[in-house]
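Asker: Submitted below is the structure of interest, expressed as structure tokens.
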Amino acid sequence: MDKVFELKNVSYFYTPKVPALIDISFDVKLKEKLFILGANGSGKSTLLKLMDGLIYPHEGQIRFFGKVIGDKRTFDEYEFRRRVGFVFQDSDVQLFNTTVFDEIAFAPLQMGVKKEEVEKLVNEILISFGIEKLKDRPPHRLSGGEKKKVALASIIVINPDVLLLDEPTNGLDPRSKKWLLSKLEELNQKGATLVIATHDLEMAKKFSDRIIILNEEHKIETIGSPEEILNDEKLLLKANLI
């Protein structure tokens, strides 16, 4: 099956009269780099949380490789958590262990990987991400770019098939941003499917395969190629992206 996610008529409400998302339908294809663009408050973060099963839609359904997320009869929560990683916009939300090493080791230990194997995996990730010198540091004392690296490393260590990333370049300096894009490209080349919510048009232009625009009415405005969407000034103005 080449559809990783299938969303059909998904709606979510903060309160009965305050919608976050209305009638959202789209598919995510295997190994693609799908960008979700929208102004602040359009529902991008909520959409990623729905796709990660952190919250559930009030209307419609979301399927992951054909199985409805949250369906107690057919949905395997453990398998889903192994295959899908979520990188939050605010790295501090994600980082809660006392050292960088423990942070990266947390997920594989929770998955039941043997301690010796976990140590090997973590050391490999530390080297791959160029953060081996940080392994004994408390995550909350790191710079923004370092925190983002640790947050991503703590997800990559379990080798997920899918990465959901919420504003991954937010607050990063140019060097850290360049590193992040290079690492995401490397992961995609190895087969990872990427779903990225952002209002970073430059990143979308360089990196996306397909783009979804969320409007300020919390609906999908359009879906198309980077060329179609990013060259349409009227569309970008309407969506409050420029």
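Using the three backbone atoms N, Cα and C, a Cβ is placed for every residue, glycine included.
Feature annotation from Swiss-Prot assigns domain 'ABC transporter' to 5-242. If you look up Swiss-Prot, you'll see G38, A39, N40, G41, S42, G43, K44, S45 marked as ATP binding site.
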Asker: Name the residues of the same chain, 6+ apart in sequence, whose Cβ is under 8 Å from the Cβ of K44 (ATP binding site)?
Answerer: I36, L37, G38, D166, E167, A197, T198, L214
Asker: Take the Cβ of G38 (ATP binding site) and count every other Cβ within 10 Å, whichever protein chain it belongs to.
Answerer: 24
Asker: Report the residues of the chain - excluding G38, A39, N40, G41, S42, G43, K44, S45 - with C-beta within 8 Å of the mean position of the site's C-beta atoms, for the recorded ATP site, in sequence order.
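Answerer: Surrounding the site, in chain order, are A197, H199, L214, E216.
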Asker: Using a 10 Å cut-off on Cβ-Cβ distances across all protein chains shown, tell me which of the binding-site residues (N40, S45) has the largest neighbour count.
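Answerer: Most Cβ neighbours within 10 Å: S45.
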